[in-house]
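As given in TrEMBL:
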BINDING   Thr93, Asp167, Glu192, Lys222, Asp226  substrate binding site
DOMAIN    227-388  domain 'S-adenosyl-L-homocysteine hydrolase NAD binding'
BINDING   Gly258, Glu259, Val260, Gly261, Lys262, Gly263, Glu279, Asn382  NAD(+) binding site
Amino acid sequence: MAVLTSSQVGLFFVTTNNFLDSSEDETSPRGKDQKTSKGLTDFCIKNIKQAEFGRKEIEIAEQEMPALMILKKRAGGEKPLAGAKVVGCTHITAQTAVLIESLVALGAQCRWSACNIFSTQNAVAAALAEAGTAVFAWRGESEDDFWWCIDKCVGARSWQPNMILDDGGDLTHWIYKKYPSIFKRIRGIVEESVTGVYRLYQLSKASRLCVPAMNVNDSVTKQKFDNLYCCKESILDGLKRTTDVMFGGKQVVVCGYGEVGKGCCAALKALGAVVYVTEVDPICALQACMDGFRVTKLSETIRHIDMVVTCTGNKNVVGREHLDKMKNGCIVCNMGHSNTEIDLASLRTTELKWEHVRPQVDHIIWPDGKRIVLLAEGRLLNLSCSTVPSFVLSITATTQALALIELFNAPEGRYKQDVYLLPKKMDEYVASLHLATFDAHLTELTDDQAKYLGISKHGPFKPNYYRCRQTSPHTQNAHKHTDVSNRKYFF
């Protein structure tokens with residue numbers, strides 16, 4: 001029988017503690033004196049002593065993130081991000097750490113905070129701080145802590161950002177509202193979530209977006225891989241770790257049949273769950289029907305459902321009227337970015353009792369004794385309660401890195417004060433960087449075939465307007481693209 005070394009045992013407990021163990025000190029580290037081994041103090045995390053274990057987590061993730069490693073090797077010598085001061089607000093996990101350290105290797109200076117109060121891996125945050133990144137995040141932040149961390153990243157006296165990498169839009173709007181002079185000097189914004197993209201388009205529509213922005217969310221490499229395949233694998237992990245539920249025979253409603261919903265439905269169906277879908281879009285609803293799912297209204301099925309999963313990006317998808325009708329023991333969780341999909345405010349009333357039973361698991365008890373199981377307080381289930389596949393995140397992270405390079409190096413006038421979709425050539429390049437992992441070999445078009453199709457034999461193989469899903473009304477208007485075939489950092 002294999003015997004774990006003391007280092008491996010330590011790593012196991014640190015990793016497990018990120019999701020299941022509540023024994024770690026739950027007090028806020030704000031105001032606590034912390035210092036790295038090199039004497040740096042510009043950070044705020046839970047425990048700098050966990051840095052060694054966090055470094056091991058990052059090294060494991062690097063093995064499954066080949067494209068970023070290739071990008072560092074190809075472009076690191078030229079430092080395409082030299083002079084870039086990137087302020088970021090994302091999930092702080094081992095995979096994000098690989099992205100952050102890749103940006104540093106490409107010449108950028110970085111300051112980072114977390115976009116979710118439950119998703120930070122404390123050991124990874126410690127490793128980033130020990131390596132010199134100014135990181136302000138820890139697992140279990142309060143709402144006040146959350147905004148304090150963002151402000152510490154932005155409001156440093158000796159450092160002002162010129163690039164934003166955001167996930168959800170909170171950082172962008174904080175700078176826009178509190179630091180308007182800094183916002184006007186930003187050279188570019190990269191946003192990867194549907195929530196954050198929507199907020200950018202709202203700014204643009206109101207003529208208040210004075211910065212060019214890249215909509216990474218609607219790139220094929222984000223939708224088809226991160227949203228679909230990542231959620232397909234990670235939803236089951238998050239549910240198992242928190243509830244130990246058996247899926248066979250359970251009746252589940254998945255609200256929304258976009259790429260996230262498709263991945264969730266496929267995973268649940270594969271383990272024997274009976275899956276229903278709710279949708280507002282007739283095209284997505286028809287896809288669900290043809291994939292073998294029953295499309296229904298939540299109000300029609302809620303009384304006999306065992307589990308509700310939201311993934312719409314909307315608000316109040318599950319309201320108090322639905323929660324009141326749920327049967328005893330129903331599990332409620334969210335796979336969308338923010339915690340707006342479940343009407344939590346309606347549950348924080350005097351007649352309902354909240355019982356915290358384990359990390360990220362609350363029982364909400366009605367006066368008659370009925371209880372529902374709420375996971376991660378309605379926040380993103382997979383990153384709050386489990387981990388996600390590094391390889392899939394490599395695809396999105398590489399896309400983000402390239403978008404930053406493109407915006408930062410763009411000559412004046414190339415991008416206006418608007419939101420742009422990523423060029424299809426960039427999507428294809430990111431995908432190609434990952435093919436070697438599978439020993440995949442692309443077929444090359446002949447000159448005659450390329451002429452017949454009316455495309456270059458080297459791509460792009462799809463038009464810029466192609467997307468793997470129906471685009472939103474906002475992205476339909478963001479038709480501006482740039483030819484990147486001659487960008488040395490990409491190709």
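Using N, Cα and C of the backbone, Cβ positions are placed for all residues, glycine too.
A TrEMBL annotation is a machine prediction, not a hand-curated record.
Neighbours of Val260 (NAD(+) binding site), defined as other CB atoms within 10 A of its CB across all chains, total 28.
Take Gly258, Glu259, Val260, Gly261, Lys262, Gly263, Glu279, Asn382, the residues named in the record as contacts for NAD(+): the widest Cα to Cα gap among them comes to 22 Å. Closest to Asp226 (substrate binding site) in space, going by CA atoms and restricting to the binding-site residues Gly258, Val260, Gly261, Asn382, is Val260. On a Cα basis, Glu279 (NAD(+) binding site) lies 25 Å away from Asp167 (substrate binding site). Of all the binding-site residues listed here (Thr93, Glu192, Lys222), Lys222 has the Cα closest to the Cα of Gly258 (NAD(+) binding site). Considering only the residues assigned to substrate binding, Thr93, Asp167, Glu192, Lys222, Asp226, the longest pairwise Cα distance works out to 18 Å. Cα spacing between Val260 (NAD(+) binding site) and Lys222 (substrate binding site): 11 Å, rounded to the nearest whole number.
The closest partner of Thr93 (substrate binding site) among the binding-site residues, by CA position, is Asn382; the full candidate set was Glu259, Gly261, Lys262, Gly263, Asn382.
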